[in-house]
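All remarks here apply to the structure that follows.
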């Protein structure tokens, strides 16, 4: 379930700007902390139904792939987790009450997105908002797997940083991919130029999200992907947890669930903490944090939550800007806005950006190269971006590769416990097996976001086509073991209407990481994102319209 998010960066300001982020404004130039990412608007792909029968899982007759042998550890659960609430048992009148109160809560607390039916909703804040697509109640999730995902988050943070420093590994691993994937080729070209000039990034900032599914057959928590750039929904995911906690408290006599079993989710504030500390490490009082966004962003409110958290939690940032601040007038408000909410699209930075001799990026052109050359703190840097590609994920799953980057054997074992089967398309035996049993594999391209993966019989067709063409285009893909999670029954809310659906879910655990030279200042798990989708859908991005936001109830 992929979705995008703006990326941040920090740079200095005397009416200059250096950063990338999730907002858009016409502020004057400033040096800033850069963050970039993009999210696609919501489309309704959920089929509407109010009545369902839950059959036995259709995957129960499929034999799982035989991947690397994994010893049964304490992270495995013997029995399937039973649903905490059967939607069929909820009285229709109670269901309508729950839905109504959930909609009120979303409206009052900012759990909203832009309305896809309005052209202005992606450009003008406050215009044509609708509630975010959400599950009405949390989904049950084994506590032992929740703890496992939280425990490995800092290890994955460190792994990304270590991999990003190995330029030779990144270039070699992606050498075939760049020949057939223009986007990856351009990233590698920029990265190669940075290696040639020996560009040193002393301050490394990562806001990551590792996505997992709980495989029903093996009872293992398996990683789907590690996002170093597409780490969206830190703002709205926190609100969904609060929504569900509020509903369980309000209806505790009717539903009889303990609201305290929903884990605290402080994702947006922990991301803001990492940004604020990175700004402090940058060491220039004129620096600003800039979010780089796409031109039309219906998920802007998730992004604005991060900006708001920065303003509210770190007022010292506002006091340190390079403008004359009158604490008793509106000048202070203007200064706060300019310090913390520089919002530009990639096109605007490309047109207005200028790199000064000291490395300061002044936003007042080629964009990626321009930003990477600057001394702004990029989130992600070009090397972090490459470290999060699917091809690198597949390379890291090979035997003895993790040992190149990590020394602690226990940490390596914990990461490997999460790895699903991953293969390149130059492994002929695996490709042959995937053609024969395509239902057991997923073909993944390098592109981010929902809607790009290949499933089922389409895997067979795609592999045969690539073999026939013989152009080397297979390097643009990897093969991954298909994970078959448990099917549950959930109540999904979209466009104000609750629908009972057969669903599967995906857990994303955020991580924040900050290093200045040899000192690691932050390395922690930073909240979570739960997404639930109808079980008949292969894709699952919330921003792409396939899934809804959810939270977890620990069992």
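Numbers here mean position along the shown chain, with the first residue as 1.
Just so you know, glycine gets a Cβ as well, placed from its N, Cα and C.
Note that TrEMBL annotation is computational and uncurated.
The substrate binding site annotation in TrEMBL covers 209, 303, 531. Among the features that TrEMBL reports, ATP binding site is placed at 225, 390, 444-453, 455, 480-483, 506, 533, 539. According to TrEMBL, the feature Mg(2+) binding site maps to 225, 227, 448. Per TrEMBL, domain 'Glutathione synthase substrate-binding' is recorded for 287-314.
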Integer Å distance between the CA atoms belonging to residue 209 (substrate binding site) and residue 225 (ATP binding site): 9
Residue among binding-site residues 209, 482, 531 with least C-beta crowding, 10 angstrom cut-off: 482
DSSP helix/strand/coil residue counts for the domain 'Glutathione synthase substrate-binding' (287-314): 14 helix, 6 strand, 8 coil
Between residue 209 (substrate binding site) and residue 482 (ATP binding site): CA-CA distance (Å): 20
Which listed residue (227, 303) has most other Cβ within 10 Å, given these are binding-site residues: 303
Between residue 531 (substrate binding site) and residue 445 (ATP binding site), the C-alpha gap once rounded to whole angstrom: 21
Residue 227 (Mg(2+) binding site) versus residue 303 (substrate binding site) - Cα distance in angstrom: 17
Close binding-site residues near residue 209 (substrate binding site), where close means Cα within 10 Å, chosen from 445, 455, 533: none
Residue, out of the binding-site residues 455, 533, whose Cβ gathers the largest set of other Cβ atoms within 10 Å: 533
Rounded mean pLDDT for the residues that make up the domain 'Glutathione synthase substrate-binding' (287-314): 86
Rounded distance in angstrom between the Cα atoms of residue 227 (Mg(2+) binding site) and residue 445 (ATP binding site): 14
Span of the substrate site, taken as the largest CA to CA distance across 209, 303, 531 (Å, rounded to a whole number): 18
Spatial neighbours of residue 445 (ATP binding site) that are distant in sequence (at least 6 apart) but have CB under 8 A: 181, 390, 452, 453, 476, 477
